Amino acid sequence: MADSAGIQQGSPAIGAAGLVPAAPGAGGTEGSGAAGGSARIAVKKAQLRSSPRPKKLEKLGVYSSCKAEGACKCNGWKSQNPPPTPPRTDQQSSAVNLQEPCRSCSHTLGDHVTHLENVSEEEMNRLLGIVLDVEYLYTCVHKEEDADTKQVYFSLFKLLRKSILQMGKPMLEAQESPPFEKPSIEQGVNNFVQYKFSHLPSKERQTIMELAKMFLNQINYWQLETPSQRRQRVPNDDAAGYKANYTRWLCYCNVPQFCDSLPRYETTQIFGRTLLRSVFTVMRKQLLEQARQEKDKLPPEKRTLILTHFPKFLSMLEEEVYSHSSPIWSQDFLAGASGGQIPIHTGYSHPQTCYEYFLLCPCIIVGEKRKPSEPLPHEENKRPRVVGDIPMDLINEVMATITDPAAIPETSLLSAHSARDEAARLEERRGVIEFHVIGNSLNQKPNKRILMWLVGLQNVFSHQLPRMPKEYITRLVFDPKHKTLSLIKDGRVIGGICFRMFPSQGFTEIVFCAVTSNEQVKGYGTHLMNHLKEYHIKHEILNFLTYADEYAIGYFKKQGFSKDIKVPKAKYVGYIKDYEGATLMGCELNPSIPYTEFSVIIKKQKEIIKKLIERKQAQIRKVYPGLSCFKEGVRQIPIESIPGIRETGWKPVGKGNCNTYTHFILTRLPVKKTEAPGYYQVIRFPMDLKTMSERLKSRYYTTRKLFMADMQRIFTNCREYNPPESEYYKCANLLEKFFYTKIKEAGLIEK
């Protein structure tokens, strides 16, 4: 981290006892927790960004370096290190203007912002956001009593201050970058669900996944105790290791909740078993205690889940967390085909109680696709995950039918719609065929069965590849540097793929690939290649290269090979064997795809889409009667009472979710030049509801503050262009008042 040598770890919150996240520096007592603190900062930023440009320059002037001629080295009077005493309120809010002299040098503040004259409004707003984050951390440094935590805040304060001076993006510089441990907590819990509960029926497994999701959400908003608190509670623990994780948690997970100019990650995605072990015991005890205290608030249908199933789930998970031989923490753990991943949706406000959690918690999609272990870029991590616009209960209902084998229409193996490897996959499940990776070894005692299989492979390759010299085939099949994925049926070899792995070069060369002639056209070739792909994913080699003759090009194309080679030429020249008259082809593997079950997954997805389309078409055809209440004198009715409105996917606006509300207000078009002459000469940064609607659809509004800032710009522009006595000016005031009333009622900002 820049300017953070020796940065130590500490906690801004109420320690391990805290179920409600607190703002940094608040010690768990200030404000109403993370949601309140974050909302207050967002509102301040929206107000500041809607201010006139001179006001913005005045704000930035006190943090910017002096650009006057000469050797002035002033970096702005508020860019100095925090003084030993907390700032007074009147000092922070005192107005300044660009003609005032800087308190650190003799030049005016105007000399501090000459470099911002031609800066775009967007860039200026970004810098203003960092300024407010700096001021917030400035306060945190003074309020925080824990020495380790104070040091982290101070380091982040200096980092953001430096970003303002250099007009750069704040980047945390550290020896390690997220994720800090693999597999992550999220992946480990997913593996736990697969390992212990994949055999359960769909309904019971869904219950387990709801418990897992609740547990992971609690970790994402759990407030870690400070290192000093932990030393007092567990004096013999690994203090240095916990301190390192605590610092990372503050910098990457906790502080960015409030200072959004820093990249934010979910705790469960960048930390692994080490951090989970340090919090699990205390967290388990307090979660169960809180559940018992809130049992009367729980709906009857959720009471059993929380009070009966959740304790058992935590006890079973605790065994795997502290076990030294648990397979769920292995990076080679492969989720079974019947299980699924647990999506963690970060767009919700953190539930304050278990009861509130179950009001907010959606159902969970059961998927079959393994998740990549690579970390996402910063920009992607800051976006809320999008589940989709299909109601979750509908997806759940469809999934319940799809996961039932009897509900999936069987496809004839001779049908044009059947997968090429479907027959082979069924035979493998019945034990008719087997797949084994074998090879000759000079270091181990010869195995008679393996030697017989190698001889059988040599015969298959010789018969199916007559243009290859038999001596050459024999030499490579029995070469210890080569391996062969053999296909065994009724104890005899009927096909195989001979290959040589080059781990240092990042690819594998496929030398021979053949299936005996009387066993072809049964999908064996495709299933062979799929097994080879999964074998290489397990060994972290993600590229195949091969020379294909004119008869094999078609087969390799069907298996995902192409003439577009992804491996750099310098990596394979001198390693791979050249063949005259053959075409070099390559295949890049995707580690997220379970290749041997890929056609089954596609089949299920096809059925899901088919059923969703059928249900949607049934809804579209339904016609509801018109509203007649307005003829009787009714002036206003609740939106949810309109017949058919809920069937469209509309839901009442909830805490922490402004997207539903925006869908109903974003209808107005941009101002036309013919209707308002000179409008775009007066208004430099226009905004309208149609543009906001398009931004909403493109998922531009990743935070509430972006949405509110654009709405505020509409009101500001209207008042700037129209005279105060005009109807438009008055309408802007009325609409603005109505907007903020609704936002407050929705709990998106403080009342």
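Glycine too: its Cβ is placed from the backbone N, Cα and C atoms.
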Item to check | The annotated region 'Disordered' range in TrEMBL, which must be one of 1-39, 235-273, 469-507 | outcome: 1-39
Checklist entry - Given the model, what does the mean pLDDT over the domain 'N-acetyltransferase' (442-590) come out as? => result 90
Item to check | Protein Cβ atoms within 10 Å of V521 (acetyl-CoA binding site), excluding its own | outcome: 10
Next on the checklist: Looking only at the domain 'N-acetyltransferase' (442-590), how are its residues distributed among DSSP helix, strand and coil?
Outcome noted: 53 helix, 40 strand, 56 coil
Item to check | Around the Cβ of G525 (acetyl-CoA binding site), the count of other Cβ atoms that are within 10 Å | outcome: 23
Checklist entry - Just going by other Cβ atoms within 10 Å, which of the recorded positions E509, C513, V515, I553 has the emptiest spot? => result I553
Checklist outcome for this item: Of all C-alpha pairs drawn from the acetyl-CoA-binding set C513, A514, V515, Q520, V521, K522, G523, Y524, G525, T526, Y551, A552, I553, G554, the farthest apart lie at a distance in Å of 19
Checklist entry - Distance between Y551 (acetyl-CoA binding site) and E509 (active site, proton donor/acceptor) at the Cα atoms, whole Å? => result 18
